[in-house]
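Chemist: Submitted below is the structure of interest, expressed as structure tokens.
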Amino acid sequence: MALAATTEVVLGSISFGIFWIMAVFPAVPFLPIGRTAGSLLGALLMVIFHVISPEQAYSSIDMPILSLLFGTMVVSIYLEKAHMFKYLSQLLSWKSKGGRDLLCRICIISAFSSALFTNDTTCIVLTEFVLKLAKQNNLPPKPFLLALASSANIGSTTTPIGNPQNLVIAVQSKISFGKFLMGILPAMIVGIFINTTILLCMFWKSLSSMKDEEEAVDEAVVDGEVVFHKFSPARMSHHSNQNSQVEVGGDEGEKNNIQLSVVRETTLMVGADVEKQLSRKALFLKGCVYLVTIGMLTALLIGLNMSWTAITAALALIVIDFRDAGPCLDKVSYSLLIFFCGMFITVEGFNKTGIPSVFWNFMEPHARINHASGMAVLSLVILLLSNLASNVPTVLLLGVQVAKSAAAISSATVPRAWLILAWVSTVAGNLSLLGSAANLIVCEQARRSQLYGYTLSFWSHLVFGLPSTLIITAVGLPLINC
């Protein structure tokens, strides 16, 4: 595809540039409107400047991706209600043997959770708990925050529902859930091992100081987010009053006390029955949430339509819950869905300018995946673009071009090309603090925490992120197959 008219190229580039600034720096002083409004502004400018028509803008919005994203968000909300993430948090601290053991657990649990519930959700839920564990054990929070964010990104590469760019790739490539999983799983396992090893080497000494186990348990009780209470039955302490009433009122007083005792015991029994019924209902709903989630994952593995499977699972959970779904649906990140709509339109407009095609035509002869040097060039291009333009726009811009280049070699290499794009664009998020939303979530939640506040700087992240990203990307590429 050749370049469009000069006017379209200039105006389309300006629109995309505004979108990029808002996506990477959402709080710039001259226009602090945030990512979502920034993506809508970029989309609107593409239409106003006649880079694309309104009809083309509407048709560029990918409803299967939005449906899959919405469905997985609703399922994650019900899993949180069913205490899934609470149990994951408890696994982190259960019989922990020190800072190094804790770091390894965070890497493994973060990777596993991200593959099933998205990397952003994992980081939102676990950041506060990781900070708390670090403080209780008198350990620096930095290695654990880096472990949480980086492992979440690496783990999310494994499945189409692990992160937004994988959703885009799975829908556009039509690779089944099972093939996607098996194609990247070996690279992910090795990547987590390398990531954990790098963290242990960098922070070996700082992970050695640890409080006594009893002191840590005491603090957990005081701070009280993950606190366990032993049930102790209520004791009736009216015996002395009963004796005094017998002495004062004789048989009549004793009769009144007996009646009061019967009423109290009846009330306690009714309360216990109601509590038992409520606990049974909660246990039933919790079991249903887990069964529906397992059913959704099974349906995805056998190759059913991913978008409709996620929507069906979400609606099944809403019906089973049997109450107004408003409070749960209010927790859905609609701003993210709107951001995607604006991004689809903006990227489609930028593609119409012809700039991505001209760039790819220049790079394509040097970036073919049938030899090692070509794969290295392709990976570097994806790494740089993912950190400059963010990973989802990079996938939207390069996905079709990379697939066409692979098809020119052999049709059998096309699925592998898509999986390489998924692997590199996601692992690229670990390069810098701005590389992925998961990094920013961990950074912001740690900074805003009232009890355990910690600031993770851009440069301190880069010192770890640069070597980790390059090594893991390079080692994982030969292991990807489909």
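Cβ from N, Cα, C; glycine included.
Below are the features I grabbed from TrEMBL:
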type	residues	note
DOMAIN	20-428	domain 'Citrate transporter-like'
TRANSMEM	12-30	transmembrane segment
TRANSMEM	37-53	transmembrane segment
TRANSMEM	65-81	transmembrane segment
TRANSMEM	180-204	transmembrane segment
TRANSMEM	288-320	transmembrane segment
TRANSMEM	332-351	transmembrane segment
TRANSMEM	372-398	transmembrane segment
TRANSMEM	418-442	transmembrane segment
TRANSMEM	454-480	transmembrane segment
Chemist: For the transmembrane segment (288-320), which recorded stretch in the set 65-81, 180-204, 332-351, 418-442, 454-480 gives the largest number of Cβ pairs separated by under 8 Å?
Modeler: 65-81
Chemist: If contact means at least 3 Cβ pairs within less than 8 Å, sequence distance 6 or more, would you call the transmembrane segment (454-480) and the transmembrane segment (180-204) in contact?
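Modeler: Answer yes, regions in contact.
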Chemist: What mean pLDDT does the predicted model reach across the domain 'Citrate transporter-like' (20-428)?
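Modeler: Summing pLDDT over the domain 'Citrate transporter-like' (20-428) and dividing by its length gives 83.
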Chemist: Is it the case that the transmembrane segment (418-442) and the transmembrane segment (37-53) touch, counting contact as three or more CB pairs under 8 Å in which the residues of each pair are 6 or more positions apart?
Modeler: no
Chemist: Give residue numbers and ranges for long-range contacts of the transmembrane segment (65-81): same chain, 6 or more residues beyond its ends, CB-CB under 8 A.
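Modeler: Those are 117-118, 121, 125, 160-161, 164, 167-168, 170-171, 289, 292-293, 296, 306-314, 317-318, 321, 328-329, 331-333, 336-337, 340-341, in sequence order.
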Chemist: Taking a Cβ cut-off under 8 Å, which residues six or more beyond the ends of the transmembrane segment (37-53) line up next to it in the same chain?
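Modeler: For the transmembrane segment (37-53), the far contacts come to 4, 8, 11-12, 14-16, 18-19, 21-23, 26, 31, 60, 338-346, 348-350, 352-353.
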